[in-house]
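Colleague: Straight from TrEMBL, here's the annotation block:
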- 886-895: compositional bias 'Basic and acidic residues' (COMPBIAS)
- 346-619: domain 'ABC transmembrane type-1' (DOMAIN)
- 651-875: domain 'ABC transporter' (DOMAIN)
- 980-1264: domain 'ABC transmembrane type-1' (DOMAIN)
- 1300-1534: domain 'ABC transporter' (DOMAIN)
- 883-905: region 'Disordered' (REGION)
- 68-87: transmembrane segment (TRANSMEM)
- 132-153: transmembrane segment (TRANSMEM)
- 173-193: transmembrane segment (TRANSMEM)
- 381-403: transmembrane segment (TRANSMEM)
- 458-478: transmembrane segment (TRANSMEM)
- 484-502: transmembrane segment (TRANSMEM)
- 553-582: transmembrane segment (TRANSMEM)
- 594-618: transmembrane segment (TRANSMEM)
- 973-994: transmembrane segment (TRANSMEM)
- 1024-1046: transmembrane segment (TRANSMEM)
- 1103-1136: transmembrane segment (TRANSMEM)
- 1207-1228: transmembrane segment (TRANSMEM)
Amino acid sequence: MCVFVCTSQNASYLNREDPDLPVCFEQTVLVWIPLGFLWFCAPRHLVSLCRRTQVGTKHLSWRYIFKQLVVCLLFLTAIAALAVTLGEDYGPNTVSPGKNPGVFYANPVLYAVTWILLLLCQEGVRRREGSVDSATLFLFWFFLVLCDIFPFQTLLREALQLGEISDVPRFCLFYISFGLELIALILSAVADVPPEAEELVKKNPEVGAVFLSRITFSWFSSMVVKGFKRPLVQGDMWELNDTDGTADINQRFQYFMQSELGAARVRFQNKLKKKRDKSRDKAQEEAFQNGLGKGVSQDVLMMEEKGKKGDEKKKKKDKKKEEKDHPNSWLITTIYKAFKGILFESAFFKLLQDLLAFVSPQLLKLMVSFTQDPSRFAWEGYLYAVLLLLVAILQSLVLQQYFQRCFVLGMKVRTAITAAVYKKALVVSNDTRKESTVGEIVNLMSADAQRFNDVTNFIHLLWSCPLQIGLSIVFLWFELGPSVLAGLAVMVLLGPINGLLATKARTIQVSRNANSYRIVVVYTILKLYAWEPSFQAQVEGIREDELNVMRKFAYLTSVSTFIFSCAPALVSLATFAVFVGVSPNNLLTAEKAFTSIALFNILRFPLAMLPMLIAAIVQTTVSRKRLEKFLGGEDLESDIVRHDPSFNSAISICDGSFAWEREAKPLLKNVSLDIKPGRLVAVVGAVGSGKSSLMSALLGEMYSTKGFINIQGSLAFVPQQAWIQNATLRDNILFGSSHEERRLQGVIQACALGPDLELLPGSDLTEIGEKGINLSGGQKQRVSLARAAYSQADIYLLDDPLSAVDSHVGKHLFDEVIGPNGLLKDKTRILVTHGVSFLPYVDEIIVLVDGVVSEVGSYNSLRASRGAFSEFLDTYAKEQSNQTHSESDVFKAPDLEDTLPDSPLEDTVSVTLKREDSIRRSQRNGSVRLRKKSSLKKSDNVSDIKKGQRLIENETMETGKVKFSVYLQYLRAMGWGYTVMVFLVYFTQNVAFIGQNLWLSDWTNDAVDYYNMTYPNWKRDTRVGVFGVLGVAQGVFVFIGTLLLANASVDASRILHSRLLNNILRVPMIFFDTTPIGRVVNRFAKDIFTVDEAIPQSFRSWLLCLLGVVGTLFVICLATPFFTIIIIPLAVVYYFVQRFYVATSRQLRRLDSVSRSPIYSHFSETVSGLSVIRAYGHQDRFLKHNETTTDENLKSLYPWIVSNRWLAIRLEFLGNLVVFFAALFAVISRKTLDSGLVGLSISYALNVTQTLNWLVRMTSELETNIVAVERVSEYAELENEAKWVTDTRPPEKWPEKGRLQFDNYKVRYRPGLDLVLHGITCDIDSTEKIGIVGRTGAGKSSLTNCLFRIIEASEGRILIDNVDISTIGLHDLRSRLTIIPQDPVLFSGTLRMNLDPFDKFSDEDIWRVLELSHLKDYVAGLQEGLQHEVAEGGENLSVGQRQLLCLARALLRKSRILILDEATAAVDLETDDLIQNTIREEFSHCTVLTIAHRLHSIMDSSRVMVLDAGKIVEFDSPSNLLQQQGHFYAMATDAGITREETTVL
């Protein structure tokens, strides 16, 4: 009833110059609103009161006590108010009782109850875990103060008018309570952090942020200020919230993934079953029909046969296809279920924002109609201006909350996918792993996860766009009636065109190639073989295709951009034209026109976004399939290896057959073994007989086709090729175990690592590069062995660890670690070995022949049985007589200390650490050759060294502003002509846009001019015509601009990529040794991707935004010249906000990309060491490590997301002020303005908020993306090695003789380091066979590096056939020499491509060399023959086979000089013999240099060169050297070679 009265009074209160609300409205509705809100929200707070909490532990802060005190005082004012009323009605001086209205009783009671409720609520908030304030209580105080402002001014105005206060007690009580409410409001906006959370808040301010700070993101300001003062570093990053951490995200995701994937697998199996049933029925049907026609002529039968063959072929193809199938469509549901909370929250905010967006056009309409009617009161205009501001601010706050949620969601999705891929990689089966290379899996992690991230950011637009379109149309209908349908029709027509373009675009999706990854991995071989051009051509070819696809893609997008920039113009044209054309009475008024324009502007966004979103979703489906295929692939079967304690043997295999792939023929057939605990068992056999496969089977890495394996106890595994992590040497040995100094020292001494540690600058804290790059092969193997020895497992699987080390070191390792008296003497050891000399000391020998165990027994029993084993020995071992002769001293590990001056046991690899320059940093004082004795007096400056030495420098990160030259560099790559034209075209488009709107504003004035007159047709046609032409012109210009930009950016991409590739192929070897692969790959993948796709996009958007903002401000100033006054302060504020933000944001982006590299590096390292990680059972530790690296990345990614919101809130606030002032000035100067211009300026201003925001975002995005150009050009400007081809070219047939002369040759790895070779002088004649021997680190490998000019001479020269090699080009030199390197390097591709990348040779040639290298039978036995796909790094071949392939490569090149770098270290004796024979026959006319570990292989050389510490100490024929009894003699006695033998040879 009261409200009714109020409303009827209301009219009179508002229809005057100074309006006011009626008192009864103020006393009722305005009181109920805030109180109702509190009562509605109270239950949530009261719940935490009912929960049992240890209230004692929670402190009572002064803020809390103060808050409660204020509420108590308010309670007292309520009681006082009630007392006053009672006193007036029933007090002693009352004349007539009950004269006060009921509201004077009701309100104090309501308030009193509310204050009591509030006391309880505040206590509830205090008890809530981790709460620092309450949003609802803050809002309650805010509403209360807001509603009390009205009575506040009413009471004041009344008092001023009357000149006295009519009701003193209530007047005083109201103002007292108003003051208290203000204090309470301020208090509720202050954080009340409990002392136990203070530490946490320091590490993560978000935890302690109050409601106001959370909605405006002010808690982030400290980071922005810090970033502005100095470039941020990783240490400045805050801790993550628990829910944003990788562990938490991954756990949720895995939980849902298991159930979803399980369901998908079931669906998949059913589908396959149906398919099989179908094909079976079909086959039966066919068989039945075939059976019918018995009397058919021969011809027909023949034809049928042919047909059948065709069918079979087809079926094979189909089968292939079917195998490729995999469980699908489970990833999306998993993502949805895992993150649905945050999804729904963001959806709510989005809905709110969409609805608010439609309020502004309605206010604009009121505003325009207000300016048209001069008789209306001014306060209306001000009210509309304030409302416009409030709605805009609310909209901004809601929008930013929505964005924050969406971006965090995107981040979480990416993290979840990355973690899932990593986890999967740890358990993936060999089949699935073969299907994708490391590069491709890294791609899943980087590119595909990123795609999902991008799509989830905007996923809500799927429903929000249609909603916005629908609402716009409804509102437009109110404005223009059915004419809207014309505009709608235009939109509907444009829809399918865009759909068509999207599907077109989908067919040409750019596939990123993993080729650059390949290059980086096999750079050694490319350099040594001078194969760079072949690879460059390959990559450039693929890149050209990529660019063509990009160009097509860009053209299509420009067509759709054209359609979309035309759309608003065409739509408004159609609508207005129909509107004025339908009936002469329809006049286009300003309010109609500009409300419609504002609505059309709202329409623009969803219309532009939908197709983009659809295109993005299309691209994501490709990624989704790839991810589902990988994540849904098979896991390694965990039940291949059993752990049944009832067996009494350590390892037993019962009749097992094992294959590498599910469908393949078993490699190991019918193996039965029984190995008792504590025994040392040797496994011998020829190359490819299945020794390593046996190890893999024991590790559970192979498919068991029958039988089973049982293993008791934990495993340690030493692989044939040592796997070293990029960590300190100590971490490599500890491998996650706890550090015990004594045990560690014992292991280091036993593994002969002591001397090496003295040479490493940081001792055992030296950082080892990626793939163990700064260790020699022997050192890597010993570190790998030390890791096993330290692990204290029960069973040791040693896959030929002794082949990579010198013979005496091998003996030491056997004695100290593996053998009967070694560290591991009580453990079960299985040793794969090619070293015959160790066999007498093992307990049992297993002989493998072609995957079958041919014999098992002790050394003597096998010799006696005269089986395969004794043949094996007779062929390769020295006669037993020699054996016995040397046995006595072989296994004493003679104390060489006395016999040799140079303490040979020191495997001082580090003297020439393969690339030791990268670490020594010339820090070692004193000579290189530390005597054993000197280790007693450890140097005093150990503490300096102990910090460890970083080999791999931290990735350089540019800081501060991106230099302007980088932009110029990109523009130059695009071409100046293009750049200027693009700018002009876009500028013209903007002019057309403004012109169109000014024309419209002029058009609307016709409504006033022709009021109550007939509107002439010519006028109407002119108006519509010009409007239309200007609209279409915009579209055309945008189209031209986009086309030009597309061409320009493709050119830029091509130039930048080829520069990078060109240079990377020409950088010296040293660069690759000190740079992690991940970093180089990152340049090719992430940075080139940015140059290709992100930069052109952000450049275009930036240009459009800039022109848009300038245009808007121009129009507003044109309409209301007053506005120019405001521009300057706004611009200043804008500039500062932007500079603050850009500095921080740019650095956060850089931190993000730098902290992303380790994720991929660690990942590729994990994939290459899978078998080791699985063998030790360390999967969980690696998962943890991956979580920490990902978290480090998130720590810079999350602030970046927040920084965007921080900026957006502030900029939108500025934009909202622009709207407010545009409206305000319109109200002030409404007498002089025509309504058309008011409409124009405000509708423009409404648009500016978004554009301003985008401008800063684009400026910063352009700055962050342009960093990619900076990073690419950093690697494109690295120093090169010498020229590939120079003006002085050697003769065509050079070297004809193959004569080598070293002339006082000295070399150091880098200026400022010690010499590695000290003046080598020697003369090697044509066709001589030279053996090069020396302790590890004597400079043997350096010598070969010098021949290939991998390192350049610092003095002296090398002549080949009298040509000084330093005068000719590297390619002329390298292509005429041949090397069989120490590590056989293969790349993923066909066998043929591995042998002959340039396609120079015929198949016959290739088969011939395969025959010579004893691979012909193997290759002929493969299904695809020469086209057999080699896995990355040649993983699907044994190490011996890889070595033979490298031999085949050498045979193909037929050069006159051949270098063998320990080429036969990994091969058994039989294969070694084959290789030696082939080399003897095929290279008889060549000069051969052999760097040898096994002295046997060089005993037939013409001469032997003995190197020591970079000098030649002996150089003569083997027999002479043995007589001299010097260095060589000592080594020969070590290896058990005597003089009689050499004469035999």
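Using the three backbone atoms N, Cα and C, a Cβ is placed for every residue, glycine included.
Small disclaimer: the values here were computed from a predicted structure and weren't measured.
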Colleague: Who are the chain neighbours of the transmembrane segment (553-582) in space, where the CB to CB distance is under 8 Å and they lie at least 6 residues beyond its ends?
Modeller: 476, 480-481, 483-484, 486-487, 489-491, 494, 497-498, 501-502, 504-505, 508, 510, 588, 593, 596-597, 600-601, 603-604, 607-608, 611, 989, 996, 1015, 1020, 1023-1024, 1027-1028, 1030-1032, 1034-1036, 1038-1039, 1042-1043, 1046-1047, 1049-1050, 1096
Colleague: Over the domain 'ABC transporter' (1300-1534), what does the predicted model average in pLDDT?
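Modeller: PLDDT averaged over the stretch: 81.
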Colleague: In terms of Cβ proximity under 8 Å, which residues at least six beyond the ends of the transmembrane segment (484-502) contact it?
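Modeller: Counting only partners 6 or more residues beyond its ends, the transmembrane segment (484-502) has Cβ contacts under 8 Å with 469, 473, 476-477, 556-557, 559-560, 563-564, 567, 570-572, 574-575, 577-578, 600, 603, 607, 610-611, 614-615, 618.
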Colleague: Any contact between the transmembrane segment (1103-1136) and the transmembrane segment (173-193)? By contact I mean 3+ C-beta pairs closer than 8 Å, pairs at least 6 apart along the chain.
Modeller: no
Colleague: Which one of these stretches, 68-87, 973-994, 1024-1046, has the most C-beta pairs shorter than 8 Å to the transmembrane segment (173-193)?
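Modeller: Counting Cβ pairs under 8 Å, the winner is 68-87.
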Colleague: List, by number or range, the same-chain residues at least 6 past the transmembrane segment (594-618) whose CB is under 8 A from its CB atoms?
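Modeller: Contacts of the transmembrane segment (594-618) (Cβ under 8 Å, skipping residues fewer than 6 from its ends): 357-358, 360-362, 364-365, 368, 451, 454-455, 458, 461-462, 464-466, 468-469, 472, 475-476, 479-480, 487, 491, 494, 498-499, 501-503, 505-506, 509, 560, 564, 567-568, 571-572, 575-576, 997, 1000, 1004, 1236, 1239-1240, 1242-1243, 1246-1247.
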Colleague: By a Cβ-Cβ criterion of under 8 Å, what residues six or more beyond either terminus of the transmembrane segment (973-994) are in contact with it?
Modeller: 565, 1030, 1033-1034, 1037-1038, 1040-1041, 1044-1045, 1047-1049, 1051-1052, 1055-1056, 1103-1104, 1107-1108, 1110-1111, 1114-1115
Colleague: Which sequence positions outside the transmembrane segment (1024-1046), separated from its termini by at least 6 residues, show Cβ-Cβ distances below 8 Å to it?
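Modeller: Tertiary neighbours of the transmembrane segment (1024-1046) are 551, 554-555, 557-559, 561-563, 565-566, 568-570, 572-573, 576-577, 580-581, 978, 981-982, 985-986, 988-989, 992-993, 995-996, 999-1000, 1003, 1096, 1099-1100.
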